[in-house]
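To start, the structure itself, in structure tokens.
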Amino acid sequence: MQGPDVLGAVLLLGVQLRALWPVAAVEVHTSREVDAVNGTNLRLKCTFSSSSPISQHLSVTWNFQPEDLSSHEPVFYYLKEPYKLSAGRFKERVTWDGNIERNDVSIVIWNLQPTDNGTFTCQVKNPPDVDGTIGEVRLRVVQKVHFSEIHFLAVAIGSACVLMIIVVTVVIICRHHRKKVQAKRIEVADAELREKENLKIREEKEASSLEN
């Protein structure tokens with residue numbers, strides 16, 4: 001067998017073995033989209049699964065890409081222990097909230113700002129599993145509801161409830177008054193009828209006495 005044929009056979013064998021042997025990779029799982037209120041804190045959940053046991057050299061890298069699709073910015077890094085950022089928009093605003101033994105590499109971002117709108121990426125490497133998916137979380141920070149708006153909403157709901165109570169009370173009073181008036185009319189009619197009957201009886205008695 002000539003040299004090129006041997007090389008071709010080796011490459012073909014390598015491809016076949018690669019197809020039979022599973023590729024070591026890390027799968028990362030995150031929420032696709034998250035909404036949060038401006039000024040609050042948010043836990044960005046990220047979990048992973050690996051075909052290899054958890055290594056002492058496992059590393060976690062969180063990055064951020066703003067909505068304007070500018071360059072990625074570092075958010076958080078973990079290698080045996082959490083490392084805090086020394087600069088950047090997320091300095092002193094990110095804390096570790098994961099548990100490696102439970103395959104949890106989540107973080108917490110404090111005091112969210114509108115400038116935090118964008119995509120966060122979570123990458124886990126667990127040697128020899130160094131390839132795999134990168135988790136993405138698209139964050140949308142919404143503005144707080146102002147107190148005046150809450151107050152207006154509360155007043156509107158309260159006014160509607162009070163108005164409903166007043167209407168129900170008026171309806172009940174009107175029905176009660178109507179029933180009372182009807183009862184009075186019936187009572188007067190009965191009294192008039194009894195008076196007419198008594199008068200008729202007296203007239204009959206008087207007529208009978210005159211005949212005698």
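Even glycines carry a Cβ here, placed using N, Cα and C.
Here the structure is a predicted model, which means the values were calculated and not measured.
Features as listed in TrEMBL:
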| type | residues | note |
| --- | --- | --- |
| SIGNAL | 1-25 | signal peptide |
| DOMAIN | 22-140 | domain 'Ig-like' |
| TRANSMEM | 150-174 | transmembrane segment |
* Quickly jot the same-chain residues contacting the transmembrane segment (150-174) by Cβ under 8 Å, restricted to those at least six beyond its ends, or write none. => none
* Asked: How many of the residues that make up the domain 'Ig-like' (22-140) does DSSP mark as helix, as strand and as coil?
  -> 6 helix, 60 strand, 53 coil
